[in-house]
Amino acid sequence: MQKKLIGIERGWWIVSLENRVWLPQGDLPLGTAESWSLQGLVAYVIGEWLGEVVWLVRHKMASDMYSPRRIAEQDPQLFQLVGRGVQLAEFYRSHRYCGYCGHEMQQTEHEWACLCHHCDERYYPQIAPCIIVGIRREDHILLAQHQRHRNGIHTVLAGFVEVGETLEETVHREVMEESGIKIRNLRYVTSQPWPFPHSLMMGFLADYESGDIEHDPVELISADWYRYDDLPLIPGPDTIARRLIEETVALCRQSCRQY
Ligand SMILES: [Zn+2]
């Protein structure tokens, strides 16, 4: 699984460290290891893209190290692979020593894990489950502006799953905490890995049940109902938030036709 590069290896190169990825001239490099001067570095195969092997090299280049967000804007599937590479690089960097006994750990050969030979503990990459939900009230959708992203974008509600909680419980709790309303008819839609730094977004749709909006000022700047044909600035395409908004808008349109 792990290989010291001699130069003839070919494929896409995810060179990553500290949540950054190497994008010379703005793109993910393709070609032989030699053509990008990667000989001598250690690499792992982590996937395939357009018929070529995808390699991960845990290394920091002197320049052109960027956030994987740059790839998200180019191609959603490639973004998923780059996200995997960036998260694995970060996992290995943060698991050099065993949390139980403090001894140095080894990477395992046949899976993405670290093993402590002293106490036999095995560690896997951490994934933080996160729910995101589009809420409809007749022909309106609930959209909020987040304190953490002051960019004018209005989006659906989201939050992290807590220890010992089901996904459904998380959705009901987050919606109540952030907006003060009750929802019903919760449906799972889709998921999206989100490597900032290691989330897995799980998208739902729901209907309004009761209550008046009272937004949580710590998390949100505002939260309000917006008619489906008069929306403020919303997230860009290829995000799970955008898909949930579009599906809610489609349901709003249907509900209008019924009246
Ligand atoms: Zn140990």
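Along the chain as shown, residues are numbered 1 onward.
Cβ atoms here come from the backbone N, Cα and C positions, even for glycine.
Quick look at what TrEMBL lists:
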BINDING   R69, E111, Y124, Q192, P193, W194, P195, F196, P197, H198, S199, A241  substrate binding site
BINDING   C98, C101, C116, C119  Zn(2+) binding site
DOMAIN    125-249  domain 'Nudix hydrolase'
BINDING   A158, E178, E219  divalent metal cation 1 binding site
MOTIF     159-180  motif 'Nudix box'
BINDING   E174, E178, E219  divalent metal cation 3 binding site
BINDING   E174  divalent metal cation 2 binding site
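Cα distances from C101 (Zn(2+) binding site) to the binding-site residues R69, P193, E219 are smallest for P193. Straight-line distance linking the Cα atoms of P197 (substrate binding site) and E174 (divalent metal cation 3 binding site), rounded to a whole number, equals 20 Å.
Same-chain residues that are not part of A158, E178, E219 yet have a Cβ within 8 Å of the Cβ center of the divalent metal cation 1 site turn out to be A144, H146, L157, G159, E174, E177, S179, D216, L220.
Secondary structure by DSSP for the motif 'Nudix box' (159-180): 13 helix, 2 strand, 7 coil.
Inclusion criterion for the binding-site residues R69, C116, C119, Y124, A158, P195: a C-alpha placed within 10 angstroms of the C-alpha of E174 (divalent metal cation 3 binding site); this criterion is met by A158.
Other residues of the same chain near the divalent metal cation 3 site, with their Cβ within 8 Å of the Cβ centroid of E174, E178, E219, are A144, L157, A158, G159, V175, E177, S179, D216, L220. Counting residues per DSSP class in helix, strand and coil order gives 23 helix, 55 strand, 47 coil for the domain 'Nudix hydrolase' (125-249).
Restricting the average to the domain 'Nudix hydrolase' (125-249) gives a pLDDT of 95.
With R69 (substrate binding site) as the anchor, the candidate binding-site residues are C98, C116, C119, A158, E219, and the one with the nearest CA is A158. Ranking the binding-site residues C98, A158, E178, E219 by the distance of their Cα atoms from the Cα of S199 (substrate binding site) places A158 first. Taking the binding-site residues P193, P195, P197 in turn and counting surrounding C-beta atoms within 10 angstroms, the largest count is reached at P195.
Comparing local CB density within 10 A for the binding-site residues C101, A158, the maximum falls on A158. The shortest Cα-Cα distance between E219 (divalent metal cation 1 binding site) and any of the binding-site residues C98, C116, C119, Y124, P195 is the one to P195.
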